[in-house]
């Protein structure tokens, strides 16, 4: 059978030609390239007497909490919270646009009985009735819609932090109300937002709206301790507009020199542009189901001006800590479903590797005092239409996250041709409005950024900032920094593998099932498997050797090795003791059902939690003790052979990776069964178990004890036609006991007959198995 190729690889993968081994050692040999390092020659290490260095403050990064500023009158910018620190009772601030918006906030100290108080607001004397029976301060927001109307109390903030906030954003005025520490925001409409000015009577701070979570934290919990000392002196607001004169914002400073070495401090203002990459994979069948929507790394190259100099930059954006979501509209073939789609949220990170062609990146090996500051950016998702054949299309829409700088490290960035010493900027995430949903489904009001359309039509997202580092470089600029180990850049091979994977996956639609069954029954050896490649016999032999070396490290080969050791230990244990416990220990080497008698009698739910491991072990046992029926590995090997013959991109370098990947990834959803008399016990990788009678195909209770006994002594059979398909076939067409038994045993001749008769249920099942053969 076709799965013979896997057994041959398992058997032969531990022996390789001596010539190939020597060749491999030679290619992986490290080489030291050195120059005369002066007084450091004896240690071969970089100098350890570092200079103190200098790191200039950035002028491009907004602080989170800017202030305090002195009381003043001004027209606030949109998208900035004004955080006012009230220190006495009376009017805190007045704000108006002289058309449809007048508001004044007055502070009332704790424990005040109802009383009329006089306040001067907008140049008028007004009398407000106030009261406060709380232990906290109250801030009454008095509002009127025109100059002729009287003020009324629109909302109240009860606070022990004595902080008040106001924001211009989205055509509305936003303030806080409620009681700390659970105060929340609310808004008021206005037709003339731009003309709103504010008179502030206390010290205040300015916070960008991108840091609204921090503003919320300050309102409810108070300012950081450092802001509550007498050493913090409020400045005039005009200080924000001072133009700082600097000799050079992008500079290289020599810190120290020793022999051939010098320390250089590099300060750079940078503009980071990046984009998200994604992959959308649609399942086969009728066109209503999607396999996955996932993030993938994306490169972006661009130019920008820095101090009048044209800079060429390259970035790679990747994500970590994604959250897996799914949607299942039903079990019918025409029900829309997405098996997995990735979303980045607060627990995720975004990495952006940055490189440019400036001096700072030429000798980035020995680096210290690496620091950076970057602005935040909001990334908003767009729409993606799931183009189903019939009916209104579901649409994934929305979602947003804000990226906040969280650290910087050194990294290596791979392009199609070279590797680049880069800086990796790490960003933490906060979710933002709007939420995302899938229209025409039950998925609504979820937060995060899904991978369906993370760029929202934008060519890139942009972040500005600054970094500084001190690098140890040769004094003579013509020298290159010593490289301790030679590194082979395999990006070209990775690109070939990516193209080959895409080609392999697209070829699934072109495989004829009747030919596949015939091919699955052939005893494929390594020569016949690889002979479809246009090459000589010598090259085929060389490729087979390369495949065996790669296959030796595969999960399948590792599992076989572990299983052999485990069974040897169990056999020796059983020979020393005839107790039930020892026998069960032998059983559990195949099933992982139990370690002792009490565990064997566990419930059905207990075994379901272990079916993934059990199914893997059942695959190994079936491979070692193969029956006459067809196995999943026969189909897997036959599909692999077919795709190798049809491929135009397969070659000596890519074949080992493809064969190894196929053994691990082809047909991930498998079912295995054990046959005893007229009863069948079936288990699959999705955590489901079945027991049923051959004659009627009616389910019976799944006996864990019986399964544990049978799995040791009975042959394991691939459930090519699983129980659900058998049941469906019997209900719609009716099958005899002999046909049912042959399908249960995965008899290839019976399978071929059903396929030749164009039986839609059997054909659909085989098609689904072929479509699972993806890399």
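Residue numbers in this text run from 1 along the chain shown.
Every residue gets a Cβ built from N, Cα and C, even glycine.
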Expected hit for region 'Hydrophobic' in Swiss-Prot across 31-51, 388-408 is 388-408
Swiss-Prot annotation (coiled coil) - matching range among 483-510, 511-538, 539-566: 483-510
Rounded mean pLDDT for the residues that make up the region 'Spike body and stalk (antigen domain)' (247-478): 86
Under 8 Å Cβ-Cβ from the region 'Hydrophobic' (388-408), and at least six residues away from its ends along the same chain, one finds 210, 286-288, 334, 336, 341, 343-345, 348-350, 370-382, 423-441, 446-450, 452-453, 463, 465, 467
Around the Cβ of residue 379 (disulfide bond), how many other Cβ atoms lie within 10 Å? Please give the count over every shown protein chain. 23
Summed over the region 'Hydrophobic' (388-408), the DSSP helix, strand and coil counts are 0 helix, 13 strand, 8 coil
If you count the other CB atoms within 10 A of the CB of residue 317 (disulfide bond), including all protein chains displayed, you should get 25
